[in-house]
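Residues annotated as active site in Swiss-Prot, with similarity to another entry given as evidence: 74. Per Swiss-Prot, the feature disulfide bond maps to 445-491. According to Swiss-Prot, the feature N-linked glycosylation site maps to 167, 235, 247, 566. Annotation comment: Swiss-Prot describes 1-20 as signal peptide, evidence class sequence analysis.
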């Protein structure tokens, strides 16, 4: 469960929206951050059934997953079952602010177009009356899906609960029944914190034939992926040691644990036999981002052992370097792949969200796999998203000298998919790399912006640009030379993305290693979907999700996309392809689907 206190600001002024409608009632409780250990904020009781104003559509995405209205956060329990993809998610039925969380539920056959159903889980038992928080789905032998999720009781104590589909012959699995013995797991062991015990993983079977599952928790004041065993998935016993723990933080949210094969983008099902040579990834949501480690699952010790132990978690690898949190992966048996997606929060203000009538979205589903060198995960948008492409344009053989700006015309700059390869004629001019930059790549992106010339770079894309460039977002690369390798910095700079002063407008960034002596091309793919921008650099080595709110979105046909180079070295573009993206059908029904 991604706790909203980590992101939201106090609701101080609600503006004209509230003035014209009503004054909401505010509540304060520990889950809203009033427990002394978290930042305090107010959770608003939003209008039950408002019609969002027309301006709400200005920033609303066309092909990202989000409900028709109201607040959403973490993906919870995605799965593929009997020909249908299911996306469960944290959802507030009552308004566009955090609170009253239930499990929203949508289904799809292609991961692009979604039908919205009634909530799968609502707050109606003592063990989840304060919220049906994040969890997972595991498919048991015989094709029996089972939900395990975190619930909060009236005192905000957290425990794990189970639910089963009422009718497995229903292709959409609309109704779920909670187990009579809920909660099945309580934080009653010595050293555990009862309000920091949440987000169970998908289960897997160990060599002894017993089910295992990890739960994010605080143990003796430090973070841990707590490990549990079960014969039947109903009765669980805590293992005397965690799957993995770290004493540098006190809570890991939304842990995810899965197997990967180096250099193979085929997915692996944890409940099946894991092939020789496989690695494991342990992901955790911490410090407002999703980080991960690559290692092995030691069957003898029943523990995760990272390949490299890095004490400073600022140096841990990230799933995404932007506005991306609480990600969840699942094994897609339909196409033998592992898919991951995460929550991208709004970076405007809570009063803006009330005015829009909605808040939050999920990133485009991504295939995720392990690079051939076994050092990092790679990600790429699922191929199904390409079904929305239309109006393709292509350019080959471009040369970008220092200061050049090439406009990519004839695509909808609000909804576009752009793929571009940059080729370096020479790498001799690369500036020297400072290893201290790895501690804070965002700071370096801010200090060395797209207008600051370097030896090689910056070069990349300018997107959502107004006519006079007073609003624009830059996604670009810089190339550096260290003693033994080349390092590429990828940035998504939002500082001039909007004229509005009341927004979060950082310069996101991440580094990746690249063997430029063998391969001189660096690829960039950017998907633009109004207020959501997702960029994939170096074949998915660095991914950055950004949220932007430019005024230019109000002027149809007035935004621009450019390729640029501000570095001293000339950059070639052997291939540039761009498409307008059609609108997907995403939870468009008014009310719940009646099918």
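Just so you know, glycine gets a Cβ as well, placed from its N, Cα and C.
Taking the features listed in Swiss-Prot, we show where each one sits on the structure.
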residue: 167; record: N-linked glycosylation site; contacts (Cβ under 8 Å, 6+ apart): 173, 174, 175
residue: 235; record: N-linked glycosylation site; contacts (Cβ under 8 Å, 6+ apart): 184
residue: 247; record: N-linked glycosylation site; contacts (Cβ under 8 Å, 6+ apart): 222, 223
residue: 445; record: disulfide bond; contacts (Cβ under 8 Å, 6+ apart): 489, 491, 492, 493, 507, 508, 509
residue: 566; record: N-linked glycosylation site; contacts (Cβ under 8 Å, 6+ apart): 402, 403, 450, 451, 452, 453, 454, 457, 458, 459
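According to its DSSP assignment, residue 167 (N-linked glycosylation site) is coil.
The DSSP secondary structure for residue 235 (N-linked glycosylation site) is coil. In three-state terms derived from DSSP, residue 247 (N-linked glycosylation site) belongs to neither a helical nor a strand segment and is classed as coil. The candidate set comprises the recorded positions 74, 491. Of these, 491 has the most other Cβ atoms within 10 Å. In three-state terms derived from DSSP, residue 566 (N-linked glycosylation site) belongs to neither a helical nor a strand segment and is classed as coil. When secondary structure is read from DSSP and collapsed to three states, residue 491 (disulfide bond) falls in the strand class.
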